[in-house]
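Worksheet for the structure shown next.
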Amino acid sequence: MSDAPKRSLNPTLMMNNNNTPPKPLEESLDLKEFIALFKTFFAKERDTIALENDLKQTFTYLNEVDAIGLPTPKSVKESDLIIIKLTKLGTLHLDEIFEIVKRLHYIVVLQNAFKTFTHLKFHERLNAIVLPPFFNDLIALFDDEGKIKQGANATLDALNESLNRLKKESVKIIHHYARSKELAPYLVDTQSHLKHGYECLLLKSGFSGAIKGVVLERSANGYFYLLPESAQKIAQKIAQIGNEIDCCIVEMCQTLSHSLQKHLLFLKFLFKEFDFLDSLQARLNFAKAYNLEFVMPSFTQKKMILENFSHPILKEPKPLNLKFEKSMLAVTGVNAGGKTMLLKSLLSAAFLSKHLIPMKINAHHSIIPYFKEIHAIINDPQNSANNISTFAGRMKQFSALLSKENMLLGVDEIELGTDADEASSLYKTLLEKLLKQNNQIIITTHHKRLSVLMAENKEVELLAALYDEEKERPTYTFLKGVIGKSYAFETALRYGVPHFLIEKAKTFYGEDKEKLNVLIENSSALERELKQKNEHLENALKEQEYLKNAWLLEMEKQKEIFHNKKLELEKSYQQALNILKSEVASKDTSSMHKEIHKASEILSKHKTNQEIPQIITNFQANEKARYKNESVLIVQILDKGYYWIETELGMRLKAHGSLLKKIQKPPKNKFKPPKTTIPKPKEASLRLDLRGQRSEEALDLLDAFLNDALLGGFEEVLICHGKGSGILEKFVKEFLKNHPKVVSFSDAPINLGGSGVKIVKL
């Protein structure tokens, strides 16, 4: 088997007659290397990548810890054997106890790191892990290398001290002989060699007269590894102390194992929590290392929208942008034009999203439904040993799926292995049955007849891979709503088939079928032209909508300015009136005159400095004139040199004749007013930070910010309210729901602030 997960979601459909295991789904979708790379981020080697916890809860945790980050734990081994030993009242080895300590230490590190983030749900999850006092003592017993710390056991400390002293003496003896003049003729080198746990010398033959000892081994060159007689006694003592140390450690392991047996249920809980935290940090660190994004699968929507998705197997991918809004997608078109990779990309996105594995995608604008099962019929199932042909294998795979519901099925080259006309009728029947069972299906095919038959179904979308006839190459782009041509002759020519053979093949192909291909090409070209026109019209409508919204905002702004000015004048008038009343009441004439003068000064501050020019031009009704930088129409002549005028946007206002100018040589034909450009605010920003503001202040800032954004022509803005107690978030949501110009809003992706930031579409 490959290193793919054993519990993948039914990757292929069944085993062969000889019980050969089917190819895993991730291998069929070319995700094997990507998944293998992802697995390297786990602390514990594992077969499965599936999440045992709730997806929504896990996604919430990922959003919360994204900005903070999660440390990487030390590599750990499988815990099943530890549980089995403790269940059977066995004794754990020191390294097995250290496996428990590594997990405990990581959880303590996380609890300390998130101690201040009490508002996070992830903090609640960590706080639910309460370590019994025994485990705190157990952590303190080991150093980072998995050895017993000095001071933890007095007997062990004394033995280690004796062992170190004896080893130093042994090394000293070896170094003494290595510098000895009597032994120099027999020394191969002056180094100390470690053999069978003993420090020894490497000597040439004939040394027996110069030194006594035990030969431990001979080298490949015929030399002798000798343990000197004087060092032999020390080596025996070292071995004896080593045995005593082992006995001491065994006693400690027995004591610790006995204590761990009392906490067996907690250990099972600990291992399960560590595995979850490990899967969490692996996903987060994998996403950060390769700049990937998470997509939470939708449990309510059936449509699939991918924006800027890139399949991991492609080195220089062309990002995929696709909306799959119906129950079935039939992909046709040019050979080697990307149909199979499109199929694999859609299935891969669903597979990665289901397991919350990050991918290269614009997560904010993408929607991926949750599928209970995902199946791929991509590879040729032919098996000569079991007497199974290509078509028979396909039928066997389909028969296993006919009872499935709520699955995503991908079938590559659906017509493979049999007569095209018969296959069209057969597959139409099979596909319609699967569609009735609430399944979603993606197929690639060159069957024009099958595509035409399926196109009659309202739940079927058509998609064609396009071909550039000028460059004679596929464009790796797709067009909705049409059946594509295969371009088999052009593809064969591109891959080296001689031109004269291609021409001969075309004569056999027949004039009628060539005409059918021409009709298909013309239909495709017409569809592309209509699509371009629709895009042009949509852009024009958006521009008009923007101008309309900008004008409405400008009107509201002018009304507000007028209202504020009115209040200011009323306040000034009341202030001057109060001064006069107070002086009249005091009956002080001289003071009264002074205060009247003072009141006049207050009122004079608010008089307009603008004087009406004396040069006035007369106009007639329905005459065109220029007001500031706009072309206007004279609607009505008023008294005292004033006129009612109408702007190009249909707005009527009163203006003095001095502000109007004659238009020289007006055009004889239809009046074409120039485009009006509403000035954008200089201080418009894409982001507003409301953290630390009171609700009333925040709503005022938010209202002004949205007005500036609309005038600035922004379609999306960011509003940061923080995560706190949620009161400010509630006010912001309520305001956005009731704002007439807000199309929609949602939480930002993890890298932009998560649930503490709203992305607002205007």
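Every residue, even glycine, has its Cβ placed from backbone N, Cα and C.
Record features, source Swiss-Prot:
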REGION    1-22  region 'Disordered'
COMPBIAS  9-20  compositional bias 'Low complexity'
BINDING   GLY333, VAL334, ASN335, ALA336, GLY337, GLY338, LYS339, THR340  ATP binding site
DOMAIN    688-762  domain 'Smr'
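The binding-site residues in question are GLY333, GLY337, GLY338, and the one with the fewest Cβ neighbours inside 10 Å is GLY338. Within 8 A of the CB centroid of the ATP site residues GLY333, VAL334, ASN335, ALA336, GLY337, GLY338, LYS339, THR340, the other residues of that chain are THR444, ALA465, PRO474.
Annotation for LYS339 (ATP binding site): spatial neighbours VAL331, THR332, GLY333, ASP412, THR444, ALA465, criterion Cβ-Cβ under 8 Å with sequence separation of six or more. With all protein chains in the displayed structure included, the most crowded Cβ environment within 10 Å among the binding-site residues VAL334, ALA336 is that of VAL334.
Counted with DSSP, the domain 'Smr' (688-762) comes out as 35 helix, 16 strand, 24 coil.
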